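Report on the following structure.
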(Lines of atoms letter the chains of each structure in order from A and count residues from 1; the text may use other names and numbers.)
(Lines give C-alpha, C1' and ligand atoms only; values in the text may rest on other atoms or scores of the structure.)
Protein backbone atom coordinates (compact mmCIF):
# COMPACT_ATOMS: atom_id res chain seq x y z
CA UNK A 1 0.00 0.00 0.00
CA UNK A 2 1.19 3.53 -0.81
CA UNK A 3 1.53 5.41 2.48
CA UNK A 4 1.23 9.14 3.09
CA UNK A 5 4.09 11.04 4.62
CA UNK A 6 4.16 10.32 8.34
CA UNK A 7 5.34 11.97 11.52
CA UNK A 8 5.62 10.32 14.92
CA UNK A 9 4.72 11.66 18.35
CA UNK A 10 6.44 9.98 21.30
CA UNK A 11 4.94 10.65 24.72
CA UNK A 12 7.73 10.85 27.30
CA UNK A 13 6.57 13.39 29.88
CA UNK A 14 5.92 11.05 32.80
CA UNK A 15 8.04 11.28 35.94
CA UNK A 16 8.20 7.54 36.58
CA UNK A 17 7.64 7.78 40.33
CA UNK A 18 7.60 4.01 40.76
CA UNK A 19 11.13 3.73 39.38
CA UNK A 20 12.37 5.51 42.55
CA UNK A 21 15.02 7.27 40.51
CA UNK A 22 16.30 10.76 39.72
CA UNK A 23 16.55 9.66 36.09
CA UNK A 24 13.49 10.20 33.86
CA UNK A 25 11.76 6.86 33.39
CA UNK A 26 12.24 6.70 29.63
CA UNK A 27 16.03 7.05 30.03
CA UNK A 28 16.33 3.80 31.96
CA UNK A 29 18.01 1.29 29.71
CA UNK A 30 16.93 -1.94 28.09
CA UNK A 31 19.66 -3.92 26.33
CA UNK A 32 22.10 -1.09 26.99
CA UNK A 33 19.94 1.57 25.31
CA UNK A 34 17.44 4.03 26.78
CA UNK A 35 13.85 2.84 26.43
CA UNK A 36 12.90 5.96 24.51
CA UNK A 37 15.85 5.45 22.15
CA UNK A 38 14.39 2.11 21.10
CA UNK A 39 11.18 3.93 20.17
CA UNK A 40 13.01 6.74 18.36
CA UNK A 41 14.97 4.18 16.36
CA UNK A 42 11.74 2.42 15.36
CA UNK A 43 10.24 5.74 14.24
CA UNK A 44 13.29 6.53 12.14
CA UNK A 45 13.32 3.07 10.60
CA UNK A 46 9.70 3.61 9.58
CA UNK A 47 10.80 6.71 7.69
CA UNK A 48 9.17 9.33 9.90
CA UNK A 49 9.43 12.82 8.43
CA UNK A 50 9.49 14.31 11.92
CA UNK A 51 9.72 12.88 15.42
CA UNK A 52 8.00 15.02 18.05
CA UNK A 53 9.05 14.15 21.61
CA UNK A 54 6.61 15.35 24.27
CA UNK A 55 8.54 15.84 27.51
CA UNK A 56 7.93 17.19 30.99
CA UNK A 57 9.98 15.93 33.92
CA UNK A 58 13.76 15.82 33.51
CA UNK A 59 13.81 17.77 30.27
CA UNK A 60 17.47 18.77 30.57
CA UNK A 61 18.54 15.17 31.13
CA UNK A 62 16.46 14.02 28.17
CA UNK A 63 17.88 16.66 25.86
CA UNK A 64 21.43 15.81 26.87
CA UNK A 65 20.92 12.07 26.42
CA UNK A 66 19.16 12.45 23.06
CA UNK A 67 21.15 15.37 21.67
CA UNK A 68 22.29 13.41 18.63
CA UNK A 69 18.72 12.64 17.54
CA UNK A 70 16.89 15.01 15.22
CA UNK A 71 13.88 15.62 17.47
CA UNK A 72 11.25 18.32 17.77
CA UNK A 73 10.97 18.96 21.50
CA UNK A 74 7.43 19.62 22.75
CA UNK A 75 6.95 20.67 26.38
CA UNK A 76 3.99 19.38 28.37
CA UNK A 77 4.31 21.57 31.46
CA UNK A 78 1.36 19.93 33.22
CA UNK A 79 0.61 16.22 32.88
CA UNK A 80 -3.11 16.32 32.15
CA UNK A 81 -3.44 13.12 30.17
CA UNK A 82 -2.49 11.63 26.84
CA UNK A 83 -4.94 13.82 24.95
CA UNK A 84 -3.43 16.92 26.52
CA UNK A 85 0.05 15.72 25.53
CA UNK A 86 -1.05 15.33 21.93
CA UNK A 87 -2.66 18.78 22.01
CA UNK A 88 0.76 20.26 22.78
CA UNK A 89 2.21 18.61 19.67
CA UNK A 90 -0.78 19.32 17.39
CA UNK A 91 0.45 22.73 16.10
CA UNK A 92 3.31 20.88 14.40
CA UNK A 93 1.08 18.44 12.48
CA UNK A 94 0.68 18.88 8.72
CA UNK A 95 -2.86 18.35 7.45
CA UNK A 96 -1.81 15.94 4.72
CA UNK A 97 0.46 13.67 6.78
CA UNK A 98 -0.30 10.71 9.00
CA UNK A 99 0.38 11.02 12.72
CA UNK A 100 1.56 7.92 14.60
CA UNK A 101 1.40 8.04 18.39
CA UNK A 102 3.94 6.03 20.40
CA UNK A 103 5.15 5.86 23.99
CA UNK A 104 8.66 6.28 25.36
CA UNK A 105 8.11 3.59 27.99
CA UNK A 106 6.93 0.92 25.52
CA UNK A 107 10.36 -0.01 24.17
CA UNK A 108 9.80 -3.30 22.34
CA UNK A 109 7.29 -2.16 19.73
CA UNK A 110 8.46 -3.59 16.41
CA UNK A 111 8.81 -1.85 13.09
CA UNK A 112 6.95 -4.74 11.45
CA UNK A 113 3.89 -4.27 13.65
CA UNK A 114 3.90 -0.51 13.17
CA UNK A 115 4.14 -0.92 9.40
CA UNK A 116 1.14 -3.27 9.45
CA UNK A 117 -0.77 -0.69 11.49
CA UNK A 118 0.20 2.02 9.05
CA UNK A 119 -0.88 -0.07 6.08
CA UNK A 120 -4.19 -0.94 7.74
CA UNK A 121 -5.23 2.65 8.51
CA UNK A 122 -8.34 3.38 6.45
CA UNK A 123 -8.62 6.56 4.42
CA UNK A 124 -9.98 9.23 6.74
CA UNK A 125 -10.09 6.80 9.66
CA UNK A 126 -7.94 5.50 12.47
CA UNK A 127 -5.62 2.54 12.79
CA UNK A 128 -5.62 1.23 16.36
CA UNK A 129 -3.32 -1.32 17.98
CA UNK A 130 -5.22 -3.61 20.38
CA UNK A 131 -4.64 -6.88 22.23
CA UNK A 132 -6.81 -9.37 24.10
CA UNK A 133 -5.93 -10.17 27.71
CA UNK A 134 -7.23 -12.86 30.03
CA UNK A 135 -7.15 -10.26 32.81
CA UNK A 136 -7.71 -6.78 31.35
CA UNK A 137 -8.03 -5.06 34.74
CA UNK A 138 -6.82 -1.48 34.63
CA UNK A 139 -6.82 -1.12 30.85
CA UNK A 140 -9.11 0.80 28.52
CA UNK A 141 -11.65 -1.53 26.86
CA UNK A 142 -12.45 -1.57 23.15
CA UNK A 143 -16.19 -1.22 22.55
CA UNK A 144 -17.72 -2.60 19.36
CA UNK A 145 -21.08 -2.72 17.60
CA UNK A 146 -21.60 -5.43 14.99
CA UNK A 147 -17.87 -6.04 15.04
CA UNK A 148 -16.94 -2.42 14.35
CA UNK A 149 -14.87 -0.42 16.84
CA UNK A 150 -17.00 2.34 18.34
CA UNK A 151 -14.84 3.67 21.14
CA UNK A 152 -12.54 3.08 24.09
CA UNK A 153 -13.69 3.33 27.69
CA UNK A 154 -11.10 3.63 30.47
CA UNK A 155 -11.29 1.07 33.28
CA UNK A 156 -12.24 3.63 35.93
CA UNK A 157 -15.09 4.90 33.76
CA UNK A 158 -16.31 1.49 32.55
CA UNK A 159 -19.54 -0.21 33.58
CA UNK A 160 -19.48 -3.71 35.03
CA UNK A 161 -20.54 -5.06 31.64
CA UNK A 162 -17.79 -3.17 29.82
CA UNK A 163 -15.21 -4.46 32.27
CA UNK A 164 -15.91 -7.98 31.00
CA UNK A 165 -14.47 -7.00 27.60
CA UNK A 166 -11.05 -8.59 27.06
CA UNK A 167 -9.90 -6.53 24.09
CA UNK A 168 -7.90 -3.58 25.37
CA UNK A 169 -6.29 -0.45 24.02
CA UNK A 170 -2.49 -0.36 23.78
CA UNK A 171 -2.46 3.40 23.26
CA UNK A 172 -0.75 3.18 19.88
CA UNK A 173 -2.74 4.65 17.00
CA UNK A 174 -2.42 6.46 13.68
CA UNK A 175 -4.63 8.93 11.86
CA UNK A 176 -4.49 11.81 9.40
CA UNK A 177 -3.03 15.08 10.71
CA UNK A 178 -6.02 17.28 9.88
CA UNK A 179 -8.44 14.82 11.47
CA UNK A 180 -6.24 14.41 14.52
CA UNK A 181 -6.12 18.17 15.12
CA UNK A 182 -9.88 18.50 14.76
CA UNK A 183 -10.60 15.65 17.19
CA UNK A 184 -8.02 16.86 19.70
CA UNK A 185 -9.73 20.25 19.81
CA UNK A 186 -12.98 18.55 20.86
CA UNK A 187 -11.57 16.62 23.84
CA UNK A 188 -12.93 17.28 27.33
CA UNK A 189 -11.80 16.17 30.77
CA UNK A 190 -15.23 15.05 31.96
CA UNK A 191 -14.10 11.73 33.44
CA UNK A 192 -13.06 10.13 36.73
CA UNK A 193 -9.45 11.24 36.33
CA UNK A 194 -10.18 14.78 35.22
CA UNK A 195 -7.78 14.26 32.30
CA UNK A 196 -7.92 14.61 28.54
CA UNK A 197 -7.90 11.11 27.06
CA UNK A 198 -6.55 10.56 23.55
CA UNK A 199 -8.80 7.50 23.49
CA UNK A 200 -11.87 9.74 23.22
CA UNK A 201 -11.00 10.50 19.59
CA UNK A 202 -12.11 6.97 18.71
CA UNK A 203 -15.71 7.77 19.64
CA UNK A 204 -15.48 11.14 17.88
CA UNK A 205 -14.29 9.42 14.71
CA UNK A 206 -17.07 6.84 14.94
CA UNK A 207 -19.68 9.58 15.35
CA UNK A 208 -18.42 11.11 12.09
CA UNK A 209 -18.85 7.77 10.36
CA UNK A 210 -15.11 7.20 10.10
CA UNK A 211 -13.77 3.65 10.05
CA UNK A 212 -11.56 2.41 12.89
CA UNK A 213 -9.45 -0.65 12.09
CA UNK A 214 -7.88 -2.67 14.92
CA UNK A 215 -4.55 -4.42 14.38
CA UNK A 216 -2.90 -6.86 16.78
CA UNK A 217 0.87 -6.97 17.47
CA UNK A 218 2.89 -10.09 16.72
CA UNK A 219 3.81 -10.48 20.40
CA UNK A 220 2.24 -9.15 23.57
CA UNK A 221 5.64 -7.95 24.79
CA UNK A 222 5.68 -5.36 22.00
CA UNK A 223 3.04 -3.30 23.76
CA UNK A 224 4.01 -3.86 27.38
CA UNK A 225 4.82 -0.62 29.17
CA UNK A 226 7.29 -0.06 31.99
CA UNK A 227 6.29 1.55 35.28
CA UNK A 228 8.81 -0.02 37.64
CA UNK A 229 12.14 -1.81 37.61
CA UNK A 230 10.55 -5.24 37.90
CA UNK A 231 8.64 -4.71 34.66
CA UNK A 232 11.79 -3.38 33.02
CA UNK A 233 13.80 -6.44 34.08
CA UNK A 234 11.11 -8.74 32.68
CA UNK A 235 11.15 -6.97 29.31
CA UNK A 236 14.95 -7.18 29.33
CA UNK A 237 14.73 -10.95 29.59
CA UNK A 238 12.08 -11.10 26.87
CA UNK A 239 14.29 -9.07 24.57
CA UNK A 240 17.42 -11.10 25.34
CA UNK A 241 15.58 -14.36 24.82
CA UNK A 242 14.41 -13.18 21.40
CA UNK A 243 17.93 -12.10 20.40
CA UNK A 244 19.44 -15.38 21.59
CA UNK A 245 16.86 -17.34 19.62
CA UNK A 246 17.69 -15.42 16.44
CA UNK A 247 21.40 -16.08 16.89
CA UNK A 248 20.91 -19.78 17.54
CA UNK A 249 18.76 -20.13 14.44
CA UNK A 250 21.44 -18.28 12.47
CA UNK A 251 24.08 -20.82 13.51
CA UNK A 252 25.74 -19.22 16.55
CA UNK A 253 26.33 -21.71 19.37
CA UNK A 254 25.20 -20.13 22.65
CA UNK A 255 26.03 -22.57 25.44
CA UNK A 256 23.19 -21.19 27.55
CA UNK A 257 20.84 -18.72 25.83
CA UNK A 258 19.49 -17.60 29.21
CA UNK A 259 22.96 -16.40 30.20
CA UNK A 260 23.81 -14.21 27.21
CA UNK A 261 23.26 -10.48 26.79
CA UNK A 262 23.26 -8.58 23.51
CA UNK A 263 23.34 -4.82 24.04
CA UNK A 264 23.89 -3.73 20.49
CA UNK A 265 24.39 -5.39 17.11
CA UNK A 266 26.26 -8.64 16.47
CA UNK A 267 27.48 -9.61 13.00
CA UNK A 268 28.95 -13.09 12.84
CA UNK A 269 30.48 -15.74 10.64
CA UNK A 270 30.01 -19.50 10.73
CA UNK A 271 30.67 -21.86 13.65
CA UNK A 272 30.93 -19.15 16.29
CA UNK A 273 30.83 -20.44 19.87
CA UNK A 274 29.87 -18.25 22.84
CA UNK A 275 30.03 -19.57 26.39
CA UNK A 276 27.90 -18.43 29.34
CA UNK A 277 27.61 -14.93 30.81
CA UNK A 278 29.06 -13.15 27.80
CA UNK A 279 28.01 -9.54 27.14
CA UNK A 280 28.12 -8.07 23.63
CA UNK A 281 27.88 -4.26 23.52
CA UNK A 282 27.71 -1.77 20.66
CA UNK A 283 28.63 -2.97 17.17
CA UNK A 284 30.59 -6.22 17.25
CA UNK A 285 31.75 -8.41 14.38
CA UNK A 286 32.87 -12.00 14.97
CA UNK A 287 34.57 -13.86 12.14
CA UNK A 288 34.33 -17.56 11.32
CA UNK A 289 35.10 -20.09 14.07
CA UNK A 290 35.55 -17.49 16.81
CA UNK A 291 35.35 -18.84 20.34
CA UNK A 292 34.49 -16.65 23.33
CA UNK A 293 34.88 -17.97 26.86
CA UNK A 294 32.64 -17.42 29.83
CA UNK A 295 32.34 -14.01 31.45
CA UNK A 296 33.79 -11.98 28.57
CA UNK A 297 32.67 -8.48 27.61
CA UNK A 298 33.12 -7.51 23.94
CA UNK A 299 32.30 -3.94 22.91
CA UNK A 300 32.54 -2.17 19.53
CA UNK A 301 35.18 -4.55 18.21
CA UNK A 302 36.08 -6.63 15.17
CA UNK A 303 37.31 -10.15 15.94
CA UNK A 304 38.93 -12.00 13.05
CA UNK A 305 38.54 -15.61 11.94
CA UNK A 306 39.75 -18.36 14.29
CA UNK A 307 40.35 -16.05 17.23
CA UNK A 308 39.88 -17.42 20.73
CA UNK A 309 39.07 -15.19 23.68
CA UNK A 310 39.48 -16.99 26.99
CA UNK A 311 37.28 -16.40 30.06
CA UNK A 312 36.84 -13.08 31.84
CA UNK A 313 38.45 -10.92 29.20
CA UNK A 314 37.28 -7.37 28.41
CA UNK A 315 37.67 -6.12 24.83
CA UNK A 316 36.63 -2.59 23.84
CA UNK A 317 37.11 -0.74 20.53
CA UNK A 318 39.64 -3.30 19.33
CA UNK A 319 40.60 -4.95 16.04
CA UNK A 320 41.90 -8.52 16.12
CA UNK A 321 43.27 -10.12 12.97
CA UNK A 322 42.89 -13.84 12.34
CA UNK A 323 44.02 -16.55 14.76
CA UNK A 324 44.73 -14.34 17.76
CA UNK A 325 44.43 -15.72 21.28
CA UNK A 326 43.45 -13.53 24.22
CA UNK A 327 43.23 -14.08 27.96
CA UNK A 328 42.08 -15.28 30.34
CA UNK A 329 41.70 -12.13 32.44
CA UNK A 330 43.08 -9.80 29.77
CA UNK A 331 41.94 -6.26 29.05
CA UNK A 332 42.16 -4.72 25.60
CA UNK A 333 41.23 -1.05 25.74
CA UNK A 334 40.34 1.35 22.91
CA UNK A 335 42.91 1.49 20.14
CA UNK A 336 44.45 -1.92 20.77
CA UNK A 337 45.20 -3.90 17.62
CA UNK A 338 46.54 -7.42 17.23
CA UNK A 339 47.86 -8.69 13.93
CA UNK A 340 47.57 -12.27 12.75
CA UNK A 341 48.51 -14.94 15.27
CA UNK A 342 49.34 -12.54 18.09
CA UNK A 343 48.83 -13.65 21.68
CA UNK A 344 47.90 -11.72 24.81
CA UNK A 345 47.74 -13.76 28.01
CA UNK A 346 46.41 -13.37 31.52
CA UNK A 347 46.57 -10.03 33.29
CA UNK A 348 47.82 -8.16 30.25
CA UNK A 349 46.42 -4.71 29.46
CA UNK A 350 46.75 -2.93 26.13
CA UNK A 351 45.68 0.57 25.09
CA UNK A 352 46.46 2.38 21.84
CA UNK A 353 48.98 -0.33 21.09
CA UNK A 354 49.62 -2.61 18.14
CA UNK A 355 51.02 -6.11 18.58
CA UNK A 356 52.53 -7.53 15.39
CA UNK A 357 52.14 -10.89 13.68
CA UNK A 358 53.07 -13.82 15.89
CA UNK A 359 54.08 -11.55 18.76
CA UNK A 360 53.11 -12.42 22.30
CA UNK A 361 52.71 -10.85 25.71
CA UNK A 362 52.02 -13.78 27.97
CA UNK A 363 51.27 -12.32 31.36
CA UNK A 364 51.32 -9.41 33.81
CA UNK A 365 52.07 -6.67 31.29
CA UNK A 366 50.95 -3.15 30.38
CA UNK A 367 51.38 -2.01 26.77
CA UNK A 368 50.16 1.54 26.17
CA UNK A 369 50.88 3.90 23.26
CA UNK A 370 53.12 1.28 21.71
CA UNK A 371 53.94 -0.07 18.27
CA UNK A 372 55.31 -3.60 18.49
CA UNK A 373 56.61 -5.48 15.47
CA UNK A 374 56.32 -9.10 14.37
CA UNK A 375 57.60 -12.12 16.30
CA UNK A 376 58.31 -10.14 19.45
CA UNK A 377 58.35 -11.73 22.89
CA UNK A 378 57.21 -9.49 25.73
CA UNK A 379 58.27 -11.00 29.06
CA UNK A 380 56.15 -11.08 32.20
CA UNK A 381 55.95 -7.83 34.14
CA UNK A 382 56.90 -5.58 31.21
CA UNK A 383 55.58 -2.02 31.34
CA UNK A 384 55.67 0.70 28.71
CA UNK A 385 55.99 3.85 30.82
CA UNK A 386 54.02 6.14 28.53
CA UNK A 387 52.94 8.99 30.83
CA UNK A 388 55.09 11.61 32.55
CA UNK A 389 52.26 13.13 34.52
CA UNK A 390 51.31 15.58 31.78
CA UNK A 391 51.79 13.99 28.35
CA UNK A 392 51.71 10.57 26.69
CA UNK A 393 54.68 9.22 24.72
CA UNK A 394 55.16 6.31 22.36
CA UNK A 395 57.25 3.14 22.56
CA UNK A 396 58.37 1.51 19.30
CA UNK A 397 59.68 -2.06 19.28
CA UNK A 398 60.98 -3.58 16.05
CA UNK A 399 60.56 -7.12 14.69
CA UNK A 400 62.13 -10.13 16.39
CA UNK A 401 62.85 -8.34 19.67
CA UNK A 402 63.08 -10.27 22.93
CA UNK A 403 62.02 -8.30 26.00
CA UNK A 404 62.92 -10.00 29.26
CA UNK A 405 60.72 -10.10 32.32
CA UNK A 406 60.30 -7.11 34.63
CA UNK A 407 61.37 -4.59 32.00
CA UNK A 408 60.33 -0.94 31.99
CA UNK A 409 60.47 0.96 28.71
CA UNK A 410 60.41 4.70 29.47
CA UNK A 411 58.87 6.45 26.46
CA UNK A 412 59.64 7.98 24.11
CA UNK A 413 61.96 5.14 23.22
CA UNK A 414 62.72 2.87 20.24
CA UNK A 415 64.06 -0.68 20.35
CA UNK A 416 65.64 -1.79 17.08
CA UNK A 417 64.97 -4.97 15.15
CA UNK A 418 66.42 -8.14 16.67
CA UNK A 419 67.46 -6.47 19.93
CA UNK A 420 67.40 -8.21 23.31
CA UNK A 421 66.39 -6.53 26.55
CA UNK A 422 67.71 -8.32 29.60
CA UNK A 423 65.33 -9.11 32.44
CA UNK A 424 65.01 -6.39 35.04
CA UNK A 425 66.16 -3.63 32.70
CA UNK A 426 64.88 -0.06 32.69
CA UNK A 427 65.23 1.22 29.12
CA UNK A 428 65.61 5.01 28.98
CA UNK A 429 67.51 5.38 25.69
CA UNK A 430 67.02 3.91 22.22
CA UNK A 431 68.38 0.40 21.68
CA UNK A 432 70.05 -0.41 18.35
CA UNK A 433 69.33 -3.36 16.08
CA UNK A 434 70.57 -6.74 17.34
CA UNK A 435 71.98 -5.11 20.50
CA UNK A 436 71.72 -6.31 24.09
CA UNK A 437 70.44 -3.75 26.59
CA UNK A 438 70.98 -4.38 30.29
CA UNK A 439 70.78 -1.86 33.11
CA UNK A 440 70.45 -3.85 36.31
CA UNK A 441 72.93 -3.45 39.17
CA UNK A 442 75.70 -6.12 39.10
CA UNK A 443 74.94 -8.96 41.48
CA UNK A 444 77.00 -9.26 44.64
CA UNK A 445 77.20 -12.21 47.03
CA UNK A 446 78.13 -12.25 50.73
CA UNK A 447 79.10 -15.69 51.95
CA UNK A 448 77.74 -16.83 55.30
CA UNK A 449 75.46 -13.82 55.70
CA UNK A 450 72.80 -14.19 58.35
CA UNK A 451 69.36 -12.61 58.36
CA UNK A 452 68.46 -10.40 61.32
CA UNK A 453 66.56 -12.09 64.13
CA UNK A 454 64.01 -10.66 66.52
CA UNK A 455 65.22 -9.50 69.89
CA UNK A 456 63.83 -11.54 72.75
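From the backbone N, Cα and C atoms, a Cβ is placed for every residue, glycine too.
Record check: Swiss-Prot places 380, 386, 387, 405, 423 at the acetyl-CoA site, and the matching candidate among 429, 440 is 440. Less than 8 angstroms from the CB of residue 14 (UDP-N-acetyl-alpha-D-glucosamine binding site) sit 25, 26, 56, 57, 79, 105, each of them six or more residues away in the same chain. Nearest to residue 104 (UDP-N-acetyl-alpha-D-glucosamine binding site) in space, judged by Cα atoms and limited to the recorded positions 363, 380, 423, 440, is 363.
DSSP gives residue 377 (UDP-N-acetyl-alpha-D-glucosamine binding site) a strand state. In this structure the alpha carbons, written CA, of residue 333 (UDP-N-acetyl-alpha-D-glucosamine binding site) and residue 387 (acetyl-CoA binding site) are 16 Å apart.
In terms of DSSP helix, strand and coil, the region 'Linker' (230-250) has 20 helix, 0 strand, 1 coil. Least packed by the Cβ count within 10 Å, out of the recorded positions 333, 363, 440, is 440. Counting only same-chain residues six or more apart in sequence, the Cβ atoms lying under 8 angstroms from the Cβ of residue 380 (acetyl-CoA binding site) belong to 362, 363, 364, 365, 405, 406. In this structure, the binding-site residues 227, 386, 405 were compared by how many other Cβ atoms lie within 10 Å of their Cβ, and the smallest count belongs to 227.
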